[in-house]
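*Asks:* Below is the structure I would like to discuss, written out as structure tokens.
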Amino acid sequence: MGHVGYALSVFGKGLKCGLGPDIVTFNTLIKGMCRNGMVDYARKVFDEMPQKSDVTYGILVNGLCKMGKFSDAIILLRDISEPSVVVYSTIIDSLCKTGKMREALGLYSEMTEKGVVPNDVTYMCLMKGLCGFGLRVEAKKLLDDMFGRRNLLDLGTCNVVMSLLCKQGWISEACDFFDFMVERGVMPNAATYNALMNGYCLIGRVDESRNLFDVMVCDRDVISYNVLINGYCKNNEIDEALGLMEEMCRLKIDPNVVTYTTVIRGLCLVSKLDDALVIFQKMKDCGQVANVVTYSTLMDMLCKHERHSEALELFKTMDGAGVAPDVFTYTSIVDGLCKNGELDAANECFLQLLSRGLQPNVYTYTAMIGGFCRNRKLNEAKELFLKMKESGCTPNVHTYTIMIDGYCRSAELNEVNEMFIQMQESGCSPDGCTYNTIIQGFLLHSEISKAFHFIDKMRSNGFVLDAYTEALLLRFQTCGQLGHSSKKVLASLSQDHCDGLCCRDALGLIQNPVLVLRVIAGQVMVKESDALVLRVKQSGYNR
């Protein structure tokens, strides 16, 4: 294997000894050259061959396609008096994999016009390409062509096509294909039903998925249950999902790690965290080994419910269970610990992530940078921000906003401007949260003119002041520090300006928005303060 040089040497010696290689020898040599990227040499050998078979052409066409030399492959195709379906399918497959769908469909039309009958491989290649690139109209035309040609497809091919259609959410086409299978005597099996059920669930039609589940003419398997359980969980119908899980146990169909993890995630989505932990324990008691998704889902939800110590304990058990944490796992635990003020523990987890050879993503970096900023460790935040960019990880709007907030907290207002400019130059557009953070920073340091400069920018970009910024402006108005033009801004405040505050609180930049508003407004504007507090509470912030 791979000893092309030696093979060429033996081939040359054979020629010197007067041994004429047969077509099998030539084909073997050309195949070896193509596999080792020596397509140009293979073409030279091909040209010297006294006779060539369809296999010879197929080998060289395949080699040219793998090197991306589609034009050469098509030219070679034209030299074949009666090209086979294999040669056509080889080129079509390569064109589809590289996104050249127009060319692939053109070759398909050519082969059918020449009377070359497409086979399962031809249809599979084209359907994968059309579905992968979302070309629904073309896929529908291909299906119609398949139906019209009455090719006898095998069950495996049918199931792949069904799965491709359903994953795209093209249910009408999938149902037509299902009917086509039955008409041609290809009886659907559990995999066929599972694919169609999954398609219904993906577009939110869980009831129709359940109807199909109930009328299955073949035995349901664990995947059948998993598909429907997942559909119910995504639809927040957790009781239905739990009912199916109980049915599995009654029918002696053992739930697998996917079943348990799906139910755990579903319970977490409806904030039934304790129930999720019960299922997790049941999973272990049944001998099922949790995977990284199971652990990560639970830890993420524990952190969101501020049960950080439990999340950390669960994290520590992963290695003992033989489950390696992934980037999502580390991101959840780092973010949770940072927001809980456990910066040292968070940093230790972040360093452990690096030591394991994992690459932090934008959310991991942002969580750690946020922890540094909230704990007044701006130098560490700056250093990590630079490392983030050097690693090729592009900061997002939340990363920039958190850095800006860190500079505001440290009264480094010139750096705020620099970071804002850097953010825009990088192609990252500021959002309402970014603007409110900057405006609040300037107001809190009595840089009123600069604050209003950003208020103008913010409003021209279609964003609004949040309740926290409004409260600051009310304070300055009460103290008589706002001019006539500034007062006009207050007059335009609307009732829906809590969005930015919600965003900042989600990022952990405001620990207690209701308390902050009361402190800022003080006793001098009780009516206005209470109105703002009420609006924040109505937005769901009751801490």
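Placed from the backbone N, Cα and C atoms, the Cβ positions cover glycine too.
Found this in TrEMBL, in case it helps:
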REPEAT    22-52  repeat 'PPR'
REPEAT    84-118  repeat 'PPR'
REPEAT    154-188  repeat 'PPR'
REPEAT    189-219  repeat 'PPR'
REPEAT    221-255  repeat 'PPR'
REPEAT    256-290  repeat 'PPR'
REPEAT    291-325  repeat 'PPR'
REPEAT    326-360  repeat 'PPR'
REPEAT    361-395  repeat 'PPR'
REPEAT    396-430  repeat 'PPR'
REPEAT    431-465  repeat 'PPR'
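Describe the structural context of these features.
*Replies:* Beyond its flanks by at least six residues, the repeat 'PPR' (84-118) meets 54, 57-58, 61-62, 65-66, 68, 70, 73-74, 77, 125-126, 128-130, 132-133, 135, 138, 142, 145, 149, 151 of its own chain at Cβ-Cβ distances under 8 Å.
Helix, strand and coil counts from DSSP across the repeat 'PPR' (154-188) read 26 helix, 0 strand, 9 coil.
In terms of DSSP helix, strand and coil, the repeat 'PPR' (189-219) has 22 helix, 0 strand, 9 coil.
In the predicted model, residues of the repeat 'PPR' (221-255) average a pLDDT of 95.
Long-range contacts of the repeat 'PPR' (256-290) within the same chain: residues 222, 225-226, 229-230, 232-234, 236, 238, 241-242, 245, 248, 297-298, 300-302, 305, 307, 321-323, each at least 6 residues beyond the stretch ends and with a Cβ under 8 Å from a Cβ of the stretch.
Note on the repeat 'PPR' (291-325): residues 257, 260-261, 264-265, 268, 271, 273, 276-277, 280, 283, 332-333, 335-337, 339-340, 342, 345, 349, 353, 356 of its chain, located 6 or more positions outside it, place their CB under 8 angstroms from a CB of the stretch.
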*Asks:* Could you give the number of helix, strand and coil residues in the repeat 'PPR' (84-118) as assigned by DSSP?
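*Replies:* Grouping H, G, I as helix and E, B as strand yields 26 helix, 0 strand, 9 coil.
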*Asks:* Please indicate, using numbers and ranges, the residues of the same chain that are 6 or more beyond the repeat 'PPR' (361-395) and have a C-beta under 8 Å from a C-beta there.
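*Replies:* Same-chain contacts beyond the ends: 327, 330-331, 334-335, 337-339, 341, 343, 346-347, 350, 353, 402-403, 405-407, 409-410, 412, 423, 426, 428, 507-509.
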